[in-house]
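The feature Zn(2+) 1 binding site is assigned by Swiss-Prot to 100, 102. What Swiss-Prot records for 107 is Zn(2+) 2 binding site. As annotated by Swiss-Prot, Zn(2+) 3 binding site applies to 154, with the evidence given as similarity to another entry. Positions annotated as compositional bias 'Basic and acidic residues' by Swiss-Prot: 153-167. The feature domain 'sHSP' is assigned by Swiss-Prot to 52-162. What Swiss-Prot records for 1 is N-acetylmethionine. Residues or ranges marked as region 'Disordered' in Swiss-Prot: 146-173.
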């Protein structure tokens, strides 16, 4: 069973009539006129309008999948290196924290920080959890589930983030 935190099609209640990138996870990449004035850009040039349904990985939305035998979290962290990321398990939650110091980009100087926390299934085998960062900046946290009669230990422990050389393909919905 796939569990999506927020499906891209139902991103905002007002759909294309609401500035849709203001609070997304694409900090520091600049804003366009259609981000602030969606009515103006669509009426002046309807053929130049920004796509209403951007790809999943371009939107900064995390994806949580929990099926019968595996639990997986995919998170777009393309602006962070493995050294900037901290992943740890604390009781029934996994906490993912990313922070990098101020650096220069195309628009000036920027520093980024985020903190995400996800509840883990009670039957997740915490001793077999892996966490990797793909070449295209997708952090994948995953682990197998145990038989329902067993219970995993709940304590605080860090999870190392390994670096993969190949990009992650976008997950299918």
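Every residue, even glycine, has its Cβ placed from backbone N, Cα and C.
Listed binding-site residues: 100, 107; maximum Cβ neighbour count within 10 Å falls on 100. If you take the Cα of residue 100 (Zn(2+) 1 binding site) and the Cα of residue 107 (Zn(2+) 2 binding site), they are about 17 angstrom apart, rounded to a whole number. The average per-residue pLDDT of the prediction over the domain 'sHSP' (52-162) is 84, rounded to a whole number. Mapped onto three states, the DSSP output places the residue listed as 'Zn(2+) 2 binding site' in coil. Non-local contacts of residue 102 (Zn(2+) 1 binding site) by the CB criterion (under 8 A, 6+ apart in sequence, same chain) comprise 109, 110, 111. Secondary structure from DSSP puts residue 102 (Zn(2+) 1 binding site) in a beta strand.
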